[in-house]
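K.L.:
Take a look at this one; I'll ask things after.
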Amino acid sequence: MHNNNIQPDLSVQIAGITFKNPVIAASGTFGYGQEYAGLIDVSRLGGICTKGLTLHPREGNRGRRLHETASGLMNSIGLENPGIPAFIEQELPAMLELGPRVIANLSGSTVEEYQEGARLLSATGIDMIELNISCPNVKAGGMAFGLCPADAATVVQAVRRVCDKPLMVKLSPNAPDLVGVALACINAGADALSLVNTFKALAFDIRRRTPIFDHVTAGLSGPAIKPLALRMVWDVCAAVQVPVVGMGGIASTEDALEFFMAGATAIQIGTATFSRPSTMIDIIEGLEQYMETERISHLSELSLQDRE
Amino acid sequence: MHNNNIQPDLSVQIAGITFKNPVIAASGTFGYGQEYAGLIDVSRLGGICTKGLTLHPREGNRGRRLHETASGLMNSIGLENPGIPAFIEQELPAMLELGPRVIANLSGSTVEEYQEGARLLSATGIDMIELNISCPNVKAGGMAFGLCPADAATVVQAVRRVCDKPLMVKLSPNAPDLVGVALACINAGADALSLVNTFKALAFDIRRRTPIFDHVTAGLSGPAIKPLALRMVWDVCAAVQVPVVGMGGIASTEDALEFFMAGATAIQIGTATFSRPSTMIDIIEGLEQYMETERISHLSELSLQDRE
Amino acid sequence: MADSSTCHHDRAFLSCTIVANAPIHTVPGEGLVTEMQVSWEGPVPQPGQFFMLRLERSGVLLGRPISVLGYRNGLVSFMIAERGKGSRELVTARAGEAIELSGPLGNTWPVPPLGDGPIALVGGGIGIAPLIYLSERLPPGSFHFYGGFRSKPYGLEGFPPESLTLASEDGSVGYRGRIPDVFNPAGFRAVYACGPTPMLKRIAEVCGQAPCYISLEERMACGVGACLGCTVRTTRGNRRCCVDGPIFPAAEVLFDA
Amino acid sequence: MADSSTCHHDRAFLSCTIVANAPIHTVPGEGLVTEMQVSWEGPVPQPGQFFMLRLERSGVLLGRPISVLGYRNGLVSFMIAERGKGSRELVTARAGEAIELSGPLGNTWPVPPLGDGPIALVGGGIGIAPLIYLSERLPPGSFHFYGGFRSKPYGLEGFPPESLTLASEDGSVGYRGRIPDVFNPAGFRAVYACGPTPMLKRIAEVCGQAPCYISLEERMACGVGACLGCTVRTTRGNRRCCVDGPIFPAAEVLFDA
Ligand SMILES: Cc1cc2nc3c(=O)[nH]c(=O)nc-3n(C[C@H](O)[C@H](O)[C@H](O)COP(=O)(O)OP(=O)(O)OC[C@H]3O[C@@H](n4cnc5c(N)ncnc54)[C@H](O)[C@@H]3O)c2cc1C
Ligand SMILES: Cc1cc2nc3c(=O)[nH]c(=O)nc-3n(C[C@H](O)[C@H](O)[C@H](O)COP(=O)(O)OP(=O)(O)OC[C@H]3O[C@@H](n4cnc5c(N)ncnc54)[C@H](O)[C@@H]3O)c2cc1C
Ligand SMILES: Cc1cc2nc3c(=O)[nH]c(=O)nc-3n(C[C@H](O)[C@H](O)[C@H](O)COP(=O)(O)O)c2cc1C
Ligand SMILES: Cc1cc2nc3c(=O)[nH]c(=O)nc-3n(C[C@H](O)[C@H](O)[C@H](O)COP(=O)(O)O)c2cc1C
Ligand code: FES
Ligand code: FES
């Protein structure tokens, strides 16, 4: 039993970086950190991942970009972003003022583009790079790299060479051999893993009798995917020793606890913030309360993985 | 434009068998056809798949068997069934009286067990065998066969040899190469394909701090998976020429129409029957009405696949 | 499963209307308990049976099994306790809302065996509901009602005090403790019990081979025997709680299996 | 996206209560239209702004963007039309229910340019809502309201007939046809329009380079500029409907892009 007078310590370490709590805003759902100001106290978050960044500016996809399904959200944004130089100049300074750890989510269509993006980001004040090899929404937008261990290793290795920042690799649930990709990323130098990105999904417009999205398929997120994401986080945590950041449909403290039980070191929250902007704050408070009630001094005690 | 005075014809053909409408009760969700009597008019269904049958009786799994998630249901029944001989003697006669086409869902843990089961079922009045190579809930319960093209081909070939009935193979969404498995099954003699079975998923009991299910993972079904299932049905329909029976989360006429747009010849409905027992009847009526309003003479016109 | 071919035309799936839904118990921290009345034009439910209830606008996937508390003139009533998301939806639903009902489902309390002595009705918390409906069919004075609650009791106001034994975990009424601590089956012709599984297990133990019937709770998806999700392990093998139960002879249930 | 670093402390996310939700229009087959009043202790909304609304007990995932119809003394009002599942939930919600609001969000109708002539408010169906709120801030007699409806009109009872031009597709009121068929921007100092996209497109066409502002509808997830899901293609590149709009100069919008 643990001392019950100690204030619960929610801080977690990932690749040498201390997060004051394990709740991180997921890439693509929290802009560059300012957008939710006024609705919630952004400074309380453990970390914020930027929208997926590419070396050059991208306009994103045409046509419909969002579609709601049962407890799920399909998106086909297509990595719209101002490009890394513009991000560094226009968005990053304010983002670094916010307080939460800043994680740059990096995408690319070629190894060189990833590498050059990582080089630029490495020279800034960001705390970590999250290498997105799992975006399902652009033709050459990373997911191709995330689907097979060898390709994943290539891009991780290339980025690792030019990147002084802690490197987290974000995995795709669409990879046929997810654990294989995970291990390949670690061998290639990843300090941490995050998963899952969105699931490849499809929806049709009944009226127009066409796919809803111009690119036909789109990425599914939200509570619908939680049981699938949790299973994948469990599988990956069982296979690796590096910290794993779990996500996929987390919307409540109970959901969050399940991911810590699966072995995650921290969690990210995306779609649930859309449903209820206070979700991340509610979870931070909920975890704190749970640790007090259950007399848990660190969330890692919850893990059901047999890890040394 | 089609003649608008013609009564819509909902009938579909699968492997030479005519179904009076394309709405089929999914295996494991409709018992042996009698259970929902009184709540709905079972005779109106196009077809009914039996609970998964094995040569020998099975007790099924211990511990919790059901868990509800956001718009989803996890189950770990473990193929509880009385064995094929008892099924043939005690359940089948009444089932054949019901009116809808009778499809026997066949499982096994060895090729020989599948083969012997198929032999017994072939000698009965059933209309079709649905070969379940995709049950995620028993250690040796079929899913192993459904995960790789070569194994799938082995079991399909073996069953095909002893089976005079039309043979439909039910695919697992957990297969890393779903289309590869689909093609292998057709090469091995499958007359039709059905998909998807449940997705491998995980949930924890927050209070007891254990997995909810004794077998840790369980199968996810219901509206949550619809966008994923639809994508898989689309991919398989694009690759094959045999009829495809689509399922996964269908709960409304609109959902059903999406599967026909993806190229499915018929559909199965499972979890939604639990939510609202009238779902299948509502969909049969909804499709009829849609065909009248939209002046569609056959549902195959809805397919967006380029098939000859 | 040989009985799965029985015809069940004594039941229906109907879209109904909530006629009333009034709180009868509200202890802070324990959740709400309401009595809900629903218009029901289907077959008359018998004591021990249940319905699957789901609001038309439901935010949960599955209907929830709820025992019949009473029935009169096309109105079926339920006593519902707030536990998780599904029951919260039900206790907070309002009169006028549409609700879908499948039922009546499951078996009924068996007729008491011939013999001497009163009958014991043993209810834990919300488990009193199907026993209240049963008591309506029993001659007055022929039964004694044991009611166990976490704190304040509810739902038993209609019973004469001499036919009631109450217990509460916090001592706020009757015996401080749990019902199995004070219940003795000696002298009773038969025991009918419903409540949390640990309570039923203890009741079954003290009853031994004496006539004792218990109504069990299992997670259900279909409620009609189709999904095999609600298995109860018994001395006669797997039984489905929803159609072979929810009422079982206590001696047949394998609690630790 | 350079403006995404602007501070937005003039808004809040609050759990509120529905004070009233009364049907104002019920044409069979067209769905219900209600006027909903919600207690709101946050910043005062301006005409043209909207909130994201989601019932606490919601069965849908995302909040729905709804324009402000009016505001007075801590009560914000909305006019809501039933379309799909999300709006159905809102129109059938009852007084007393808990609802979560984020807002006020988005930009506001720009101040009319200096000049002569009245201002035209052009609303199609439920699109009249943000124009009604705008009209409260305009001097009486300074505007003319064009309202287009599928069938019977609603929501415009408060306006003097001489300031109103109505059209209906089925001829049940005013001109038979659509508003763009009868609307001529000549003589108006500025045009403010909201309604279905095809209508706005035609209004934008007839207005050409004359001052015309249109409030656009796009599917939204966040409502605050974070998800990039609500893109509007304009002559100045991609804009986010939720923060760069919903109001845009008509001449800047690329409708067919
Ligand atoms: C035959 C029968 C008759 C019944 N009759 C009645 C009746 O008359 N009145 C009545 O009120 N009830 C009755 N019940 C019980 C009722 O069906 C349940 O209370 C209800 O289904 C619970 O649903 P829920 O969504 O509210 O709770 P759930 O969400 O299913 O949760 C139930 C409990 O489990 C907990 N829980 C949920 N998820 C987890 C998790 N991941 N880890 C740990 N704990 C978890 C919840 O917090 C809660 O305490 C009956 C049940 C049966 C089988
Ligand atoms: C800034 C802004 C302000 C607004 N202000 C108001 C307002 O004041 N009042 C108001 O009533 N509304 C307003 N709206 C519109 C309102 O937000 C939408 O009507 C609402 O979000 C629709 O949600 P829903 O769930 O009801 O419908 P959805 O389910 O999203 O459906 C909307 C429409 O699309 C159809 N549809 C859904 N799925 C499909 C599919 N797969 N294929 C084909 N068609 C489909 C539906 O049948 C329906 O006609 C505003 C919108 C915006 C962006
Ligand atoms: C609108 C939207 C945009 C997203 N954009 C990105 C992105 O740019 N880069 C990325 O790695 N993930 C992106 N994601 C995926 C999320 O970061 C997250 O992995 C996924 O949504 C699952 O988590 P959730 O269910 O909590 O949303 C996006 C998700 C959504 C919904
Ligand atoms: C309780 C339950 C039991 C099932 N049992 C079987 C089975 O025995 N054999 C089988 O092939 N599929 C089985 N399935 C899978 C369904 O037939 C179907 O493939 C799956 O549930 C997806 O469809 P749905 O979302 O409409 O339920 C079962 C599903 C559920 C929910
Ligand atoms: S709940 Fe489906 S068999 Fe009992
Ligand atoms: S709705 Fe998210 S950016 Fe506009």
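Including glycine, each Cβ sits where the backbone N, Cα and C put it.
Curation does not apply to TrEMBL; its annotations are automatic.
Marked as domain 'Dihydroorotate dehydrogenase catalytic' by TrEMBL: B:10-291. Annotation comment: TrEMBL describes B:SER27, B:LYS51, B:GLY52, B:ASN105, B:ASN132, B:LYS170, B:VAL196, B:GLY222, B:GLY248, B:GLY249, B:GLY270, B:THR271 as FMN binding site. The substrate binding site annotation in TrEMBL covers B:LYS51, B:ASN75, B:SER76, B:ILE77, B:GLY78, B:LEU79, B:ASN132, B:ASN197, B:THR198. According to TrEMBL, the feature active site, nucleophile maps to B:CYS135.
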K.L.:
Here the binding-site residues are B:GLY52, B:GLY78; which one has the lowest number of other Cβ atoms no more than 10 Å from its Cβ?
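P.N.:
Each of the binding-site residues B:GLY52, B:GLY78 was scored by Cβ atoms within 10 Å; lowest is B:GLY78.
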K.L.:
By the criterion CB under 8 A from chain C, which of the binding-site residues B:LYS51, B:GLY52, B:GLY78, B:VAL196 would you report?
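P.N.:
Only B:LYS51 pass the 8 Å Cβ test.
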K.L.:
Determine the binding-site residues, out of B:LYS51, B:GLY52, B:ASN132, B:THR198, lying near ligand 6 in the sense that the CB is under 6 Å from one of its atoms, and give them in sequence order.
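P.N.:
Cβ under 6 Å from ligand 6: none.
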K.L.:
Please name the residue among the binding-site residues B:GLY248, B:GLY270 whose C-beta has the most neighbouring C-beta atoms within 10 angstroms.
P.N.:
B:GLY248
K.L.:
Are there binding-site residues among B:LYS51, B:SER76, B:GLY78, B:THR198 that sit within 10 Å of B:SER27 (FMN binding site), Cα to Cα? If so, list them; otherwise say none.
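P.N.:
Those close enough are B:LYS51.
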K.L.:
Using a 10 Å cut-off between Cα atoms, which of these binding-site residues sit near B:GLY248 (FMN binding site): B:LYS51, B:SER76, B:GLY78, B:THR198?
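P.N.:
So the list reads B:THR198.
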K.L.:
What is the number of other Cβ atoms found within 10 Å of the Cβ of B:SER27 (FMN binding site)?
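P.N.:
Result for B:SER27 (FMN binding site): 26 other Cβ atoms within 10 Å.
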K.L.:
From the binding-site residues listed here (B:SER76, B:GLY78, B:ASN132, B:GLY248), select those whose CB sits under 6 A from an atom of ligand 4.
P.N.:
B:ASN132, B:GLY248
K.L.:
Cα distance, B:GLY78 (substrate binding site) to B:ASN132 (FMN binding site), nearest Å?
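P.N.:
One finds 13 Å between the Cα atoms of these residues.
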K.L.:
Among the binding-site residues B:SER76, B:ASN132, B:THR198, which residue has its Cβ surrounded by the fewest other Cβ atoms within 10 Å?
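P.N.:
Relative to the other binding-site residues in B:SER76, B:ASN132, B:THR198, B:SER76 has the fewest Cβ atoms within 10 Å.
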K.L.:
Reported as an integer number of Å, what is the Cα distance between B:THR198 (substrate binding site) and B:GLY52 (FMN binding site)?
P.N.:
13
K.L.:
If I restrict to non-local contacts, at least six residues apart, and a C-beta distance under 8 angstroms, what lies near B:VAL196 (FMN binding site) in its own chain?
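P.N.:
Those within reach of B:VAL196 (FMN binding site), by Cβ under 8 Å and sequence separation of 6 or more, are B:SER134, B:LEU171, B:SER172, B:PRO173, B:ILE225, B:LEU228, B:ALA229, B:MET232, B:VAL233, B:MET247, B:GLY248.
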K.L.:
Measuring CB to CB from B:LYS51 (substrate binding site), give everything in the same chain under 8 Å that is also at least six residues away in sequence.
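P.N.:
B:LYS51 (substrate binding site) has long-range Cβ partners B:SER27, B:GLY28, B:PHE30, B:GLY31, B:TYR32, B:LEU79, B:GLU80, B:ASN81, B:ASN105.
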K.L.:
Reported as an integer number of Å, what is the Cα distance between B:GLY52 (FMN binding site) and B:SER76 (substrate binding site)?
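P.N.:
That comes out at 13 Å between the alpha carbons.
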K.L.:
Between B:GLY78 (substrate binding site) and B:GLY270 (FMN binding site), how many Å separate their Cα atoms?
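P.N.:
Per the Cα atoms, B:GLY78 (substrate binding site) and B:GLY270 (FMN binding site) stand 16 Å apart.
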K.L.:
Which state, by DSSP, holds B:ASN132 (FMN binding site): helix, strand or coil?
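P.N.:
In the DSSP reduction, B:ASN132 (FMN binding site) maps to strand.
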